[in-house]
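Working notes for the structure below.
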Amino acid sequence: MRLILLGAPGAGKGTQAKFICEKFGIPQISTGDMLRAAVKAGTPLGVEAKKVMDAGGLVSDDIIIGLVKDRLKDADCKNGYLFDGFPRTIPQAEAMKEAGVAIDYVLEIDVPFDAIIERMSGRRVHVASGRTYHVKYNPPKTEGVDDETGEALIQRDDDKEDTVRKRLDVYSQQTRPLVDYYSDWAAKGDATAKVSPPKYRKIAGVGDVDSITARVFEALK
């Protein structure tokens, strides 16, 4: 099982990725984790990436694809892999195809932006314990305070509505086009590609977690 999980920030990809990886016995591959590991290990690509990052630049797609290809040689990838947060852009998707990275499924978790904004902007956190609440779906017994300690809850900057909207804008411009890219490739094929087209699946990411997970596994049959 080799797949890419697509969906907006806050669509619940992280939760479903965990279930998919457990069910199929595959690793979740995050480019951030890969970069940190390569830099720490001092691999040739890691050294190159560190130079760019130390200068405040963005690591090039060539370096990222090189890291991906190295990572896929590891023994834990023999049953497959799940890409989390990658590819983010069309050039990255093209580079993956060109590099012959095989993908069986592209699964989109579709959640309306209004629902994501409500989901994320309603989160409240007790910093010391990490306990999380939601003003609508999982409210504390007393508004604004932690159930166990009575200490104040905060809204993280990442969860503030204007921040969420900005992240959704970036997703719309950069990552959303991947949905069309993969659905077109799945539908029409590409005779020049080194790998077979993936199957493209889209599920609704609204409702309780168990229902969404059931939809995910049904889509991956």
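Any Cβ shown, glycine's included, is placed from N, Cα and C.
Checking the candidates R36, R123, R156 against Swiss-Prot: the one annotated together with G10, A11, G12, K13, G14, T15, T132, Y133, G207 at the ATP site is R123.
Following the DSSP three-state reduction, the secondary structure of Y133 (ATP binding site) is strand. Following the DSSP three-state reduction, the secondary structure of G14 (ATP binding site) is helix. Distance noted between the C-alpha atoms of G12 (ATP binding site) and R88 (AMP binding site) is 17 Å. Across the range of the region 'LID' (122-159), the DSSP-based residue counts are 3 helix, 10 strand, 25 coil. Cα of G57 (AMP binding site) to Cα of R123 (ATP binding site): a distance of 32 Å. The Cα atom of T31 (AMP binding site) lies nearest to that of G10, taking the binding-site residues G10, R123, Y133 as the candidates.
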